[in-house]
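Below is one structure; the comments refer to it alone.
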Amino acid sequence: MTHNHDPYSDAAALKGLTLGQATAYQAEYDASLLQGVPRKLNRDAIQLSGELPFHGTDIWTGYELSWLNAKGKPVVAILEVQLDINSVNLIESKSFKLYLNSFNQTKFDSVEAVQETLSRDLAACAEGEVTVKVIEPKHFNLERIIDLPGTCIDDLDIEVTEYEFNPDHLIGGTDPDKNVAETLNSNLLKSNCLITSQPDWGSVMVRYQGPKIDREKLLRYLISFRQHNEFHEQCVERIFVDLKKYCQCTKLTVYARYTRRGGLDINPYRSDFENPPESNRLARQ
């Protein structure tokens, strides 16, 4: 089994997070509640430095966005945020939830004012580009539930005895005599929160070109995240790097959609050849 030094055990950037701590909920606007985690922590561990081998975005959906209008009447909306992966920080999810809760008893003159506030604060926390969309109730009927594209590999009849993260499952995991372009997906992705070890449930799509990947080996590899502690964004980047390394994909996209917690879901997208699709939720989200 391949072992790596834990990059998080002594990370100063994780010491002050509200995640895993008892916290009071604030109902009035407070941008200081947002907390960022340096992307560099994980990228150093997977030997990513300089120019990244992928582009992409972290797509967040917030289902519990509410504020007061100028007359004090409550307003609700769905929030969609796209955070560029070149930002210095990812946004820690509990702090994001606490920050959104701080809108609940705060008056805003318009939806545009809410959107501008969110854009400014999230960009400042992430130190990067952020796109914010506030979806009003009159547009809720446009929200769709879809399946991830591709062939699902979850019905493979395999025996599993190992649940610790192990990229060695991918060794010898391709047929070099068969070059293909295909899209595979699995609903069996589970990892755990880096700080609290609470389960994170997700579905993942792998679209690639290159030597044909052994689906059984890929499924075993994905299942090996089951006891792995890492943030969503970090897991997806780790999958991308491992597939490029072990499977020699010439083109690759990894896209995961995680179930929501605290009214927020996180959907990291990484690719070296295509752009993110329109964000539509899956049934479990």
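Heads up, the Cβ atoms here are built off N, Cα and C, so glycines get one too.
What Swiss-Prot says about this one:
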type: BINDING; residues: ILE91, GLU92, SER93, HIS232, GLU233; note: substrate binding site
type: BINDING; residues: SER93, LYS94, ARG261, GLY262; note: NADPH binding site
type: ACT_SITE; residues: CYS193; note: active site, thioimide intermediate
type: ACT_SITE; residues: ASP200; note: active site, proton donor
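Overall, the recorded NADPH-binding residues SER93, LYS94, ARG261, GLY262 cover a maximum inter-Cα distance of 9 Å. A gap of 7 Å separates the Cα atoms of ASP200 (active site, proton donor) and CYS193 (active site, thioimide intermediate).
Here the candidates are the recorded positions LYS94, CYS193, ARG261, GLY262, and by Cα distance the one nearest HIS232 (substrate binding site) turns out to be CYS193.
Other Cβ atoms within 10 Å of the Cβ of ARG261 (NADPH binding site) number 16 in total over all chains. In terms of Cα spacing, the recorded positions ILE91, GLU92, SER93, CYS193 that come within 10 Å of GLY262 (NADPH binding site) are SER93.
GLU233 (substrate binding site) is surrounded by 24 other CB atoms, counting those within 10 A of its CB over all protein chains shown. With respect to their backbone Cα atoms, GLU92 (substrate binding site) and the residue listed as 'active site, thioimide intermediate' stand 11 Å from each other. The number of other CB atoms found within 10 A of the CB of SER93 (substrate binding site), across every protein chain shown, is 23. When the alpha carbons of SER93 (substrate binding site) and ARG261 (NADPH binding site) are compared, the span between them is 9 angstrom. CYS193 (active site, thioimide intermediate) is 11 Å away from LYS94 (NADPH binding site) when you measure Cα to Cα. Here ARG261 (NADPH binding site) is compared against the recorded positions ILE91, CYS193, GLU233, and the shortest C-alpha distance is to CYS193.
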